[in-house]
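Right, one structure below, let's go through it.
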Amino acid sequence: MDTPADHTKNNKSPAQYEAERAEQQSVVDGDSKNANANMTVLDDTAAIPKGTVDPVYEAKAKVLNNAIQEIGMGWYQWQLFIVVGFGWANDNLWPIVTSLIFPAIVKEFSPSRPPLLSLAQNIGLLAGAMFWGFGCDIFGRRWAFNLTLGITAVFGLIAAGSPNFAAIGCFAALWSFGVGGNLPVDSAVFLEFLPGSHQYLLTILSIYWAVAQVIANLIAWPLLGNLSCEETAETCTRKANMGWRYFVITMGCISMAEFFIRFVFFTIHESPKYLMGKGRDEDALRVVHDVARRNGKTSNLTIDDLRACDALGSGPLTTDASAALKRKLEKVNLTHVRALFATPKLIWSTSLIMLVWAFIGLGYPLYNAFLPYIQATRGAEFGDGSTYLTYRNSLIIAVLGIPGALLGGVLVEVPKFGRKGALAVSTVLTGVFLYASTTALTSNALLGWNCAFNFFSNIMYAVLYAYTPEIFVTKDRGTGNALTATANRVFGIMAPIIAMFANLETAAPVYTSGALFIAAGLLVLALPFEPRGKASL
């Protein structure tokens with residue numbers, strides 16, 4: 001999302017915008033009142049070649065950004081913060097669902113390759129992120145914003161009737177197709193209505209991610225704990241193993257309720273920048289003024305402010321779907337990729353952050369997918385490995401994620417510690433506590449180590465989601481985020497493939513996961529940029 005460097009009125013000429021481009025190469029004073037105080041300028045970033053982005057589109061986007069900043073944070077954005085949180089919650093909820101039902105699924109269907117369930121899920125997540133990320137620029141943010149939750153809910157509910165392992169794998173891929181679009185679409189919707197002075201709320205949204213884990217485990221405890229076949233049972237029939245079906249139905253109902261709230265009770269406006277990109281300047285203007293009205297304010301934006309930008313191009317902004325897609329593709333073309341590797345320092349920074357995302361993308365699924373299995377088998381060694389205790393402990397572990405997410409938002413602003421310090425320490429400690437869990441001699445000790453792991457991993461994710469976009473300049477931020485997300489999802493797909501050829505009845509996934517987290521944390525220390533207290537375009 002383009003972020004304006006100043007917050008003056010919107011009635012500026014095209015010539016003024018051209019002048020601003022040169023002025024915005026300097027670092028803006030990191031005053032707390034500055035809307036962009038939490039972002040950074042990369043001084044050695046090469047200039048973006050002219051012509052890579054439609055100048056009319058870029059100038060009008062800047063005008064709209066200034067208008068949103070002028071309106072400020074109000075009732076509409078706070079309502080949006082709530083419904084956008086549903087997307088963050090579902091991004092973690094459904095992978096947790098797969099993890100929690102995994103032991104019951106394996107027990108009932110006895111598949112030859114159990115990790116195929118996790119593989120199906122990760123393929124769906126990758127496909128969903130790609131489809132919805134590009135598609136929302138063609139058919140709009142509004143429909144994608146609602147449909148991602150709707151698809152997740154529908155296929156989640158249908159999955160409860162799965163008659164075999166292949167069916168549940170297919171439905172897991174389908175509900176993940178919806179889940180995969182939540183963050184790309186919801187973050188775009190939120191940022192395009194969010195004034196720069198409140199961009200820290202993107203970090204605070206991580207609280208939904210942690211709460212979703214608690215909700216899933218809270219519901220799984222009675223359902224899966226009491227209505228599942230015991231680990232020691234020789235046979236497992238559908239009738240004796242209905243807990244996972246009731247659990248998936250409940251999760252599907254939650255997602256359906258969230259979809260209903262979004263679709264019926266909250267009026268989501270189409271993104272002004274999307275409307276402007278389709279040549280609908282009047283509609284974009286109407287949305288901006290309606291948001292101002294709902295916030296109890298007025299906007300100085302006029303249609304002339306937008307039309308004045310047409311002088312920067314050779315003609316009106318092309319408005320057909322193919323042009324909209326072309327603008328989207330321009331963000332990930334080789335020109336923008338080259339810009340991320342334009343200098344030795346940028347090569348180092350971009351490569352390292354991709355490796356960090358890749359290592360975490362492999363390490364977290366290895367641990368998360370097999371946590372209930374590890375707890376059950378280790379619990380059996382301790383003499384208390386009942387299904388009920390397994391899911392009770394999963395709930396306790398999940399609760400520790402909430403203070404972790406909140407603490408992450410505090411640590412990133414600590415002087416001389418900042419984003420890098422918080423990310424490096426929390427990532428390394430995540431791996432350390434994973435290793436420590438293998439030393440547990442009692443079930444309570446194992447529970448304690450796993451609680452510590454979840455606490456620090458939630459700090460890690462809260463900081464990682466904030467740090468990553470801050471180290472890319474605005475014009476290349478979309479490409480940078482795409483590269484890191486791709487690395488994460490591709491390695492996420494590798495996790496179940498590796499597991500299929502490993503012995504799942506050992507702690508091997510834990511050892512591998514711990515090593516990856518520690519390696520990722522050490523890589524963070526080598527990152528060259530610290531965004532805390534700095535500003536960028």
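Heads up, the Cβ atoms here are built off N, Cα and C, so glycines get one too.
Taken straight from TrEMBL:
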type: DOMAIN; residues: 80-532; note: domain 'Major facilitator superfamily (MFS) profile'
type: REGION; residues: 1-34; note: region 'Disordered'
type: TRANSMEM; residues: 80-106; note: transmembrane segment
type: TRANSMEM; residues: 118-136; note: transmembrane segment
type: TRANSMEM; residues: 143-160; note: transmembrane segment
type: TRANSMEM; residues: 166-193; note: transmembrane segment
type: TRANSMEM; residues: 200-224; note: transmembrane segment
type: TRANSMEM; residues: 244-268; note: transmembrane segment
type: TRANSMEM; residues: 346-367; note: transmembrane segment
type: TRANSMEM; residues: 395-414; note: transmembrane segment
type: TRANSMEM; residues: 421-441; note: transmembrane segment
type: TRANSMEM; residues: 447-468; note: transmembrane segment
type: TRANSMEM; residues: 480-502; note: transmembrane segment
type: TRANSMEM; residues: 508-529; note: transmembrane segment
Quiz item: Over the domain 'Major facilitator superfamily (MFS) profile' (80-532), what is the model's mean pLDDT?
Solution: 80
Quiz item: What stretch, picked from 143-160, 244-268, 421-441, has the most CB pairs under 8 A with the transmembrane segment (508-529)?
Solution: 421-441
Self-check item: Highest-contact recorded stretch vs the transmembrane segment (166-193), from 143-160, 200-224, 395-414, 447-468, 480-502, CB pairs under 8 Å
Solution: 143-160
Quiz item: Would the transmembrane segment (200-224) count as touching the transmembrane segment (143-160), if touching means at least three Cβ pairs under 8 Å and pairs must be 6 or more apart in sequence?
Solution: no
Practice problem: Spell out yes or no: are there three or more C-beta pairs under 8 angstroms between the transmembrane segment (346-367) and the transmembrane segment (143-160), with each pair 6 or more apart in sequence? | Solution: no
Quiz item: In terms of Cβ proximity under 8 Å, which residues at least six beyond the ends of the transmembrane segment (244-268) contact it?
Solution: 79-80, 83, 86, 89-90, 93-94, 97, 100-101, 104-105, 108, 142, 145-146, 149-150, 152-154, 156-157, 159-161, 189, 215-216, 219-220, 223-224, 227-228
Quiz prompt | Within-chain partners of the transmembrane segment (143-160) [C-beta distance under 8 Å, separation at least 6 from its ends] | solution = 86-87, 90, 94, 97, 128, 132, 135-136, 167-168, 171-172, 174-175, 177-179, 181-182, 185-186, 189, 245-246, 248-249, 251-253, 255-256, 258-259, 262-263, 268
Practice problem: Give the one range among 80-106, 395-414, 421-441, 447-468, 480-502 whose Cβ atoms make the most pairs under 8 Å with those of the transmembrane segment (118-136). | Solution: 480-502
Quiz item: Can you name the far-off residues of the same chain, 6+ from the ends of the transmembrane segment (480-502), with a Cβ under 8 Å from a Cβ of it?
Solution: 113, 115-119, 122-123, 125-126, 129, 133, 184, 331-332, 337, 340, 350, 353-355, 357-362, 364-366, 369-370, 468-469, 471-472, 508-509, 512
